[in-house]
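Copied over from Swiss-Prot:
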type	residues	note
TRANSMEM	46-69	transmembrane segment
TRANSMEM	135-158	transmembrane segment
TRANSMEM	175-199	transmembrane segment
TRANSMEM	273-291	transmembrane segment
TRANSMEM	334-357	transmembrane segment
TRANSMEM	373-399	transmembrane segment
TRANSMEM	421-443	transmembrane segment
TRANSMEM	524-542	transmembrane segment
BINDING	Cys566, Cys575	[4Fe-4S] cluster binding site
TRANSMEM	583-604	transmembrane segment
TRANSMEM	651-673	transmembrane segment
BINDING	His662	chlorophyll a B1 binding site
BINDING	Met670, Tyr678	chlorophyll a B3 binding site
BINDING	Trp679	phylloquinone binding site
TRANSMEM	715-735	transmembrane segment
Amino acid sequence: MATKYPKFSRDLAQDPTTRRIWYAIATGNDFESHDGMTEENLYQKIFATHFGHVAIIFLWASSLLFHVAWQGNFEQWIKDPLHIRPIAHAIWDPHFGKPAIEAFSQGGANYPVNIAYSGVYHWWYTIGMRTNNDLYQGSVFLLLLAALFLFAGWLHLQPKFRPSLTWFKSAEPRLNHHLAGLFGVSSLAWAGHLIHVAIPESRGVHVGWRNFLTTLPHPAGLTPFWTGNWGVYAQNADTTGHIFGTSQGAGTAILTFLGGFHPQTESLWLTDMAHHHLAIAVIFIIAGHMYRTNFGIGHSIKEMLNAKQFFGIRTEGQFNLPHQGLYDTYNNSLHFQLSIHLAALGTALSLVAQHMYSLPPYAFIAKDYTTQAALYTHHQYIAGFLMIGAFAHAGIFWIRDYDPEQNQGNVLDRVLKHKEAIISHLSWVSLFLGFHTLGIYVHNDVVVAFGTPEKQILIEPVFAQFIQAAHGKLLYGMDTLLSNPDSIAYTAWPNHANVWLPNWLDAINSGTNSLFLTIGPGDFLVHHAIALGLHTTTLICVKGALDARGTKLMPDKKDFGFTFPCDGPGRGGTCQTSSWEQSFYLALFWMLNLLGWVTFYWHWKHLGVWQGNVAQFNENSTYLMGWFRDYLWANSAQLINGYNPYGTNNLSVWAWMFLFGHLVWATGFMFLISWRGYWQELIETLVWAHERTPLANLVRWKDKPVALSIVQGWLVGLAHFTVGYILTYAAFLIASTAGKFG
């Protein structure tokens with residue numbers, strides 16, 4: 001008899017009901033719970049999947065390069081990046097009639113195409129690619145690399161090439177290799193690429209495989225390096241009149257500290273970025289030699305964490321949180337490690353979102369408004385999902401991997417012991433922010449509705465304006481630090497030589513970029529709305545993790561695992577008690593809610609900056625109807641009109657996605673509100689009808705149909721809610737921005 005799915009669980013494979021499929025999907029990635037899984041095998045499997053993951057990333061990047069080279073307009077776009085729309089790929093759609101074919105033949109193409117809003121054109125242009133041939137070469141190279149990684153993944157599953165458990169548990173060597181090798185050397189390699197290829201290309205000098213060993217990136221060669229006269233590399237930078245991609249106004253410097261933006265491309269100076277990556281490389285390569293390996297020199301992390309002395313001073317006291325036992329707890333728990341890594345990566349991605357628009361690194365991307373909006377939203381959403389993952393795995397860690405004996409008196413133990421104080425403080429601050437922010441919005445809404453807008457409560461964000469002024473923004477007239485030429489920020493070493501200040505001060509005060517946007521009462525309010533979203537999401541996440549082991553309602557919770565059905569025997573009222581339901585399921589709704597506010601704010605604020613009409617945001621963002629009417633409703637116009645009785649336009653696909661997204665989102669509520677009994681009865685009715693319908697009853701299935709559990713229903717609801725939410729806003733964002741700016 002053929003083995004039924006899933007092969008990883010004999011118990012599930014023998015389940016006679018459709019539960020078999022549901023539970024198999026739910027536990028497919030929970031390798032720990034699979035039959036015959038050992039700790040060593042677990043580490044080996046996860047290690048091998050990393051190679052597959054990297055291969056998929058290379059394959060994806062390769063496909064972008066290939067399709068743009070084949071069907072895009074990269075070479076035409078380079079000639080006029082501000083006015084030509086970059087093409088992602090062609091569209092072949094049998095449904096397209098003549099109007100659709102005409103509408104989607106855009107970006108200079110004579111056949112239907114999709115416009116690219118990912119910023120890859122700007123990236124490839126900045127790093128020195130100039131021809132379709134360059135793109136094809138990159139594509140083939142990445143394809144070969146992907147194949148190599150797939151082979152490496154397969155190889156590391158073979159008995160002879162499987163690393164041992166001790167190898168996986170060697171924290172110090174891994175840290176050294178990742179710091180020096182992964183971050184350090186790759187940053188050095190990137191600095192090398194920028195200096196040897198990208199900077200010469202930006203000055204009209206082509207560097208390819210044939211001449212890159214013979215073309216000096218700097219006229220003085222390596223002499224200044226060997227003689228310690230490094231300042232030579234910063235002399236003769238590109239002038240403010242430099243035309244990117246040509247020798248006009250170009251200098252010879254390769255490592256600079258100019259600050260601000262290249263006037264023509266409105267992106268960071270390539271020579272500044274090369275300097276940055278070189279500095280990062282040096283720091284990380286040094287950091288990768290700090291930890292003790294086979295040679296007996298360097299730091300032992302375990303010794304440092306368990307130390308009671310810090311440079312001869314006793315460290316264990318009320319405020320010096322002791323870390324004894326943390327090394328083994330962390331090193332032996334994959335969930336603990338994953339939790340911290342997800343939290344760190346999530347934070348980094350949110351920082352990427354904030355910096356990509358305010359300090360654009362790629363040439364001309366600052367003026368591709370739709371791409372700017374798409375990239376900001378994309379990175380903030382991914383950051384949100386990663387942060388939820390961090391807390392979900394923290395919950396699993398507390399249940400499966402935490403040992404109270406091993407962690408007595410350390411940070412983990414202390415956090416657990418005063419979790420009530422942490423959770424109640426988060427609750428208090430969420431309530432405070434929620435009532436006060438909503439109270440002011442509602443008050444303002446009412447007085448505007450009654451025709452007395454002058455009675456609004458409008459609060460200037462003076463502290464935030466002070467911080468902006470301290471960084472050099474002159475508009476507020478605060479005359480402090482960098483906005484005051486006589487202050488210590490100006491006169492102190494090393495800035496008395498004005499290394500980077502002139503360009504930075506020009507940039508921060510230009511008014512046409514996104515650096516330190518001018519803020520007022522509308523920003524003050526939405527800032528606190530976002531703070532409410534952040535604190536509420538944090539409350540749910542932290543409570544889900546810290547209450548995972550047990551609460552007053554359910555003291556033995558940890559014995560039930562990370563997720564369990566609600567209202568078990570004799571446990572009425574225990575729905576939404578499991579760590580899964582709190583740290584993952586409930587937290588996701590608030591995470592999405594928060595991301596809505598963050599992206600609405602960013603987008604509406606920027607529409608005003610880009611259109612030269614900042615008054616609309618400033619005047620209408622202080623009351624609720626302003627957000628509904630002047631941001632959401634007004635910007636939905638293009639979407640609602642995407643296809644109409646008079647034909648179609650190139651926004652019609654987004655208009656369709658906008659409608660479809662709403663449908664998917666609304667479907668979620670059907671699963672979120674109706675519980676198990678409804679689904680069981682519905683399924684039984686459908687089965688009854690199926691078995692009595694001629695022809696249809698020729699098809700039978702062996703599994704007895706069983707309805708979703710409440711928790712499974714919620715998961716289906718959550719999936720629809722999330723996907724619909726994202727589809728709806730993505731379509732809205734792209735169409736409303738592209739509709740205005742072409």
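Any Cβ shown, glycine's included, is placed from N, Cα and C.
Sequence features, as recorded in Swiss-Prot, placed on the structure.
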{"residue": "Cys566", "record": "[4Fe-4S] cluster binding site", "CB count, 10 Å": "19"}
{"residue": "Cys575", "record": "[4Fe-4S] cluster binding site", "CB count, 10 Å": "15"}
{"residue": "His662", "record": "chlorophyll a B1 binding site", "CB count, 10 Å": "15"}
{"residue": "Met670", "record": "chlorophyll a B3 binding site", "CB count, 10 Å": "13"}
{"residue": "Tyr678", "record": "chlorophyll a B3 binding site", "CB count, 10 Å": "14"}
{"residue": "Trp679", "record": "phylloquinone binding site", "CB count, 10 Å": "19"}
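Geometry remark: Cys575 ([4Fe-4S] cluster binding site) versus Tyr678 (chlorophyll a B3 binding site), CA distance 17 Å.
Listed stretches 175-199, 373-399, 583-604 were compared with the transmembrane segment (334-357); the greatest number of C-beta pairs under 8 angstroms is found for 373-399. Counting C-beta pairs under 8 angstroms (sequence separation of 6 or more), the transmembrane segment (583-604) fails to reach the transmembrane segment (421-443), with fewer than 3 such pairs. Listed by sequence, the residues of this chain that lie at least six past the ends of the transmembrane segment (651-673) yet keep a Cβ under 8 A from its Cβ atoms are 100, 103-104, 636, 638-643, 708, 713-714, 716-732, 734-735, 738-739. Comparing C-alpha positions, His662 (chlorophyll a B1 binding site) sits nearest to Met670 among the binding-site residues Cys566, Met670, Trp679. Note on the transmembrane segment (46-69): residues 31, 86-89, 116, 118, 120-121, 124, 132-133, 135-136, 138-140, 142-143, 145-147, 149-150, 152-154, 156-157, 163, 168, 334 of its chain, located 6 or more positions outside it, place their CB under 8 angstroms from a CB of the stretch. Across 175-199, 421-443, 524-542, 715-735, stretch 715-735 shows the highest tally of CB pairs under 8 A with the transmembrane segment (373-399).
Sequence-distant neighbours of the transmembrane segment (175-199) (same chain, 6+ residues past either end, Cβ-Cβ under 8 Å): 126-128, 207, 212, 215, 217-218, 254-255, 270-271, 273-274, 277-278, 280-285, 287-291, 293, 301.
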